[in-house]
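**Student:** This structure is in structure tokens; I'll ask about it shortly.
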Amino acid sequence: MGPRPSTKNPTPMMLTVRVALVLSCICPANSIDGRPLAAAGIVVTGDKAVNIYTSSQTGSIIVKLLPNLPKDKEACAKAPLDAYNRTLTTLLTPLGDSIRRIQESVTTSGGRRQKRFIGAIIGGVALGVATAAQITAAAALIQAKQNAANILRLKESIAATNEAVHEVTDGLSQLAVAVGKMQQFVNDQFNKTAQESGCIRIAQQVGVELNLYLTELTTVFGPQITSPALNKLTIQALYNLAGGNMDYLLTKLGVGNNQLSSLIGSGLITGNPILYDSQTQLLGIQVTLPSVGNLNNMRATYLETLSVSTTRGFASALVPKVVTQVGSVIEELDTSYCIETDLDLYCTRIVTFPMSPGIYSCLSGNTSACMYSKTEGALTTPYMTIKGSVIANCKMTTCRCVNPPGIISQNYGEAVSLIDKQSCNVLSLDGITLRLSGEFDATYQKNISIQDSQVIITGNLDISTELGNVNNSISNALNKLEESNSKLDKVNVKLTSTSALITYIVLTIISLVFGILSLVLACYLMYKQKAQQKTLLWLGNNTLDQMRATTKM
């Protein structure tokens, strides 16, 4: 399937390439280090190069279906060649008629042209409904009408050549290559043995090869016999038609050997029949190739999560499936606009989403910042292979080591177990036997525990349970509020009126004033009493001294 069309205005290709190239020049990208994340149940499964493309290059393949035999040997293979020619005409004439109907539908102007155009497409569609893709393909077929006419102008010279690959350039607006898989067979095999082979052997050889090619043609054009706009021809179908000669056209269009295998796997190289001539048995196919821009410093990193053990049950990490990193910036990558191959991503546009600080910190190696969801069921596969080793949750399954024999136990609090050839050479998990060849070095963190605060609820059933608990708490709170209201209702409202409160405040202030005055008066009286006591004591002492003096005299 192709990339999902955007609902917004598409970004122009040149602007997108410029922006992407600016991003790629920021600084070299470092892929996410999966070693500290593995023990937390987050496994980096691989990286892919990110490319941006647009389908802008086209070229034509002229398939020569009928080979030319040496003049002195034509009589030997006349019978199988005539039968093959008749079968070809019967097989491909509906295809040629459908092509001509669509191309001739543009001869009328105005609204009638549009009706004839759609009618020509629907005429070959079984359900009578023309999809947008079919209309687009038919429009491309009409645009190739002039090129098809130029090819037909050269059809005699193309049919007469004995070359298996012949570049056609006279009067054509785009590169065209004439190829003949059957001619290749005749040139490589038939001419070498014709001198030593009798007529019967020649007829048998040609007949067998032609029958095989007819089978391939039927397979290739099965869905397109009635409508060339129904389906595109895949790169595999084009190779079946042209054989190894297909590489010549791709090389001429600028597809390098380093890109060829990846582009073939992407399905971006497609073809549409644009002409069929039954007189010379020539089949014209317009090939569309993508124009690819490589973003050297951008890679997509794929993440998988493993169900880990926590004190709150089994849970899996909440991280994106695909992230991309440029310099120190890590963002989630939307691959819905991309086509994936084993090593590359081909995208019509680059769409990323920012991540929360917690997820960013988690993917940077701080596993204590990772959040987990209790959404994994008991039937989830509790193990994953990585580089010849195994990361397994040995609390969910029995990790049985066959060589050396023993049971691998997972310590309390550990999220998962990292098992390599150092601890077990042959491992049995759920009846599956794995021979381990990898090794977790010292940089891999182990014995990571998941805290309760890192586990949150995201599953529908779990959320319903938690909502039930919340509802119970709310009900209890409402009951307490009702009790409070009943107690408040018993309070005399008159005592809490505004006038009563003002009276209480005034009386309180007066009481405070009297209290302060009483305190001051008490302090004054105590001070005066102490002064009188000192005076009396002084008078007493004087009198005593005078009496002593009188006695001595």
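Just so it is clear, glycine is given a Cβ too, placed from its N, Cα and C backbone atoms.
So Swiss-Prot has the following annotated:
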COILED    142-170  coiled coil
COILED    466-491  coiled coil
CARBOHYD  Asn85  N-linked glycosylation site
CARBOHYD  Asn191  N-linked glycosylation site
CARBOHYD  Asn366  N-linked glycosylation site
CARBOHYD  Asn447  N-linked glycosylation site
CARBOHYD  Asn471  N-linked glycosylation site
LIPID     Cys523  S-palmitoyl cysteine
REGION    117-141  region 'Fusion peptide'
SIGNAL    1-31  signal peptide
TOPO_DOM  32-500  topological domain 'Extracellular'
TOPO_DOM  522-553  topological domain 'Cytoplasmic'
TRANSMEM  501-521  transmembrane segment
**Student:** From the Cα of Asn85 (N-linked glycosylation site) across to the Cα of the residue listed as 'S-palmitoyl cysteine', what is the distance in angstrom?
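**Tutor:** Distance between the two Cα atoms comes out at 136 Å.
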**Student:** Quick one: Cα separation, Asn366 (N-linked glycosylation site) versus Asn85 (N-linked glycosylation site), in Å?
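**Tutor:** Taking the Cα atoms only, Asn366 (N-linked glycosylation site) lies 71 Å from Asn85 (N-linked glycosylation site).
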**Student:** Under 8 Å between C-beta atoms and at least six residues away from its ends: which parts of the chain pack against the topological domain 'Cytoplasmic' (522-553)?
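**Tutor:** Sequence-distant neighbours of the topological domain 'Cytoplasmic' (522-553): none found.
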**Student:** Using DSSP, would you call Asn85 (N-linked glycosylation site) helix, strand or coil?
**Tutor:** helix
**Student:** Tally every other Cβ atom lying within 10 Å of the Cβ atom of Asn85 (N-linked glycosylation site).
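**Tutor:** The answer is 15 other Cβ atoms.
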**Student:** According to DSSP, collapsed to three classes, what secondary structure does Asn366 (N-linked glycosylation site) have?
**Tutor:** coil
**Student:** Tell me, what is the mean pLDDT of the coiled coil (466-491)?
**Tutor:** 72
